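**Q** Before I ask anything, let me first share the structure, which is written out below as structure tokens.
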């Protein structure tokens, strides 16, 4: 039942007044009750409940027409007294807080408040056709009978295990229908169950009596519709009690939201039915209720509405009321905040009818004739509004000056113009440099948001350049976060055009684009035409991503070449080596060594190296014996060492 309660709360009440159909009562999304005049197609009255936001209106029901006393009047003649007309006056509104508000259209104010009867939200209210009684059903599974003369509870009883979602009183005022998942018929005198009807799997949202015959004649019929059900079931109250199943079914295109019918008083009179579905279509039925019918009945005529554009879009129907003429239907369509009323002539010979209407012209005509108590200020036609109020932006509050007119003029001159504000924005952070003079205080972050909105609205390149040159990440994030949602798409389009230009500018725009995507992702995802609006940006990013791999390879190769060239330059830049010796060591026998040459080396090419070695040894012995002979210098120290070893061995 929780899910059913949610679906019921989303259904906005929209009801025509009985008999004359002069008024249309609508409770819109803002919780206000608006009563529209169907003749003049203007707003007749507007009522704002004290708790219209916390305790929203869930259901509305017009009371029976009555004669209304509108203040003190003179005594009328007998001929005039017979001409008194009954008008629709009282209007019952059930709220989610469990109270019932009674509003008087004749007084234009609240008549009384009925509270203390329900502990849960009120789902349905229905008037007694004759007595000043009102019945209400709630989520607390109880039905309360209210006495409007005293404004107190007359009786209260438990109706079902589940919440009571719909009520209807019979035309004679003796029986009451209540429904949750099970439909029960109550005897209002004894408050006991007269019959039970089962057949719906979801919560019943619609109950209406279709005939005015007594229940003991097998001629009493009523219809019911449930949530998420595309059928209207007709039930017969039989005298023998064998009424377990519905006798007739009417097929619909969606869940029924508003039902209007003209009852039949005999078998020869057909029941006329107008059903407005959740998808905004109207289905008209006409059937003689004289027993069961096996096949579901399709509508005799289905009505849709669309606008007059090249690609027509459907206009939802809100409510419909049948007239005395079978072809005339009173329609309410458009928006709940500003519905359009029209008496339409429908050709019942056609199965499907589409009515094309220009919704804007109809709204403008109705708004021109609307008499409002609110006075709008006269604004110069040449003035242009650049920006609405920003959330979080606070204008400087000027205290009421207490002095002469000169002080007022001086105080007014202190306010900065836009050019002065732009001049005070420190874009290059020059004040952070050492030795720089102390600059004036920079503007706050919300001023960036104001300037950005003004630049986007006026398409001023100077303002946009000043704002987009901001490089501080914190200021960019705060500016984008304070930006109103309608300005997100224009900002993305401006960033897309700038990304296609100079690469240096594109680097700065990427920071802004990143901040937009981080802060406003949920809003962008909720847009239905997001693909078409961001198609250019997507294709540009995709093309640059494809080129990124090739550019990375090229960057690597260029880096390798530059490093090699730099290394070669470093090698060539080394200074020439100084070949002059830092230290020279000279021996005493240096001249003799140069003269002797390589005589001490044996000939490597000779095969008789042993004989030559022996001859050298003999020469060495002779030299030792002859003290006067000069010693030949050794070519190297290695041979000296070898000969010393050999001499030691000998």
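For all residues, glycine too, the Cβ spot is worked out from N, Cα and C.
Dumping what TrEMBL says about this protein:
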REPEAT    115-156  repeat 'WD'
REGION    396-415  region 'Disordered'
COMPBIAS  404-415  compositional bias 'Basic and acidic residues'
DOMAIN    460-562  domain 'Small-subunit processome Utp12'
COMPBIAS  586-627  compositional bias 'Acidic residues'
REGION    586-650  region 'Disordered'
COMPBIAS  628-637  compositional bias 'Basic and acidic residues'
COMPBIAS  638-650  compositional bias 'Acidic residues'
**Q** Sequence-remote contacts (6 or more beyond its ends) of the repeat 'WD' (115-156), Cβ cut-off under 8 Å?
**A** 5, 8-9, 58-64, 90, 92-100, 102, 162-169, 171-173, 176, 178, 180, 186, 191
**Q** Please list the DSSP helix, strand and coil residue counts for the domain 'Small-subunit processome Utp12' (460-562).
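**A** Reading the DSSP string over the domain 'Small-subunit processome Utp12' (460-562) gives 86 helix, 0 strand, 17 coil.
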**Q** With DSSP as the yardstick, break the repeat 'WD' (115-156) down into helix, strand and coil residue counts.
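**A** Helix, strand and coil residues of the repeat 'WD' (115-156) number 0 helix, 23 strand, 19 coil.
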